[in-house]
Amino acid sequence: MTKKYNIAVIGATGNVGRETLNILAERNFPINKIYAVASNNSIGKKVSFGEQVLQISSLDDLDFEEIDIAFFSAGSEVSKKFIPIAIVKNCMVIDKSSFFRLSEDIPLIVPEANLSTLKDFAIKNIISNPNCIAIPLAVVLKPLDNEISIKRVVISTYQSVSGAGKAGMDELYDQTKSKYIFEEKSPNIFPKQIAFNLFPHIGDLNKDGYTSEESKIALELQKIIGDHLKVSVTSVRVPVFVGHSISVNIEFSSKVDAKEVEEILEDADGVVMISQTKDLAYISPTEVVGEDAVYVSRIRDDESKENAINLWITCDNLRKGAALNSVQIAEELIKTYL
């Protein structure tokens, strides 16, 4: 008989929390009891879980001793406060915030890239889910680095407003609507107007000129792939509701061309390659909404530099960029360790 688990999704009313519930139901995760958990402000709300409707329960009242696996999707402050309580009660935690990602003794996992480090979860009973851009990048870069060592990557991201939560999506919607009725909506969630606009500012601005988002992506990729990887990132917020896109220039340590890179990625787990021979041989963010794969297109040689190629990555940031990755981690946990 298959063992079943008591599961809690913390932050269940948010974009990623809701998607986590959807994916757990879609993939028939072996669940005995499911808890949809949020702050006291969400008490009385309901969320979907497959064909069920779940009542939101309060995080303050949650007894972690009854929970086998907790998915934290409520931000760093909640993780900082409640995860230490959870692990004392022997609850296994998969954290989607940035709080623990760079801790040396906590694994930062992308199953297609570094599953061998999952065993380290036992040190603290915590596994970190990477940044929504670091995940698809790791899915693509790790198999390439395994075959032909990567020297350097230059990354420009085009990140949808859902990365800033439901409030970010609402702000884009409201500003877009207001433009058609000649009203002005001041920015609240974002630093500048997001409707019909874009800006290279996600997270806080650091003293070195990079944003906190750009620093996270670089440091997380190095933790997942290796310190030998040199990374430069520019992160851009774009007026798209769901779906992140990434332009990547990859410089390899030895001779390689676009055809060889395409052949490697065609065999890579979690990747869908769009051949350059097709008409409209690229994928846009609206085409990947609801999809689990990381899509790669527009692979081409960099004619300005030897041993370098350019490519375009697109994925659903709420699924593989967040919720799906965490559920895949849980599936591997129960398959191998629990």
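The backbone N, Cα and C atoms fix where each Cβ goes, glycine too.
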Of Asn310, Asn317, the one that Swiss-Prot places in the same NADP(+) site as Thr13, Gly14, Asn15, Val16, Asn41, Ser42, Ser162, Gly163 is Asn317
Integer Å value for the Cα distance linking Asn317 (NADP(+) binding site) with His244 (active site, proton acceptor) is 6
Looking at the binding-site residues Thr13, Ser162, the one with the fewest other Cβ atoms inside 10 Å is Thr13
Pairwise CA distances across Thr13, Gly14, Asn15, Val16, Asn41, Ser42, Ser162, Gly163, Asn317 (listed as binding NADP(+)) top out, in Å, at 26
Gln159 (substrate binding site), DSSP three-state class -> strand
Min neighbour Cβ count (10 Å) across recorded positions Arg101, Arg237, His244 flags Arg101
Between the C-alpha atoms of Arg101 (phosphate binding site) and Cys132 (active site, acyl-thioester intermediate), the distance in angstrom, to the nearest integer, is 12
Here the Cα-Cα span from Gln159 (substrate binding site) to His244 (active site, proton acceptor), rounded to a whole number of angstrom, reaches 5
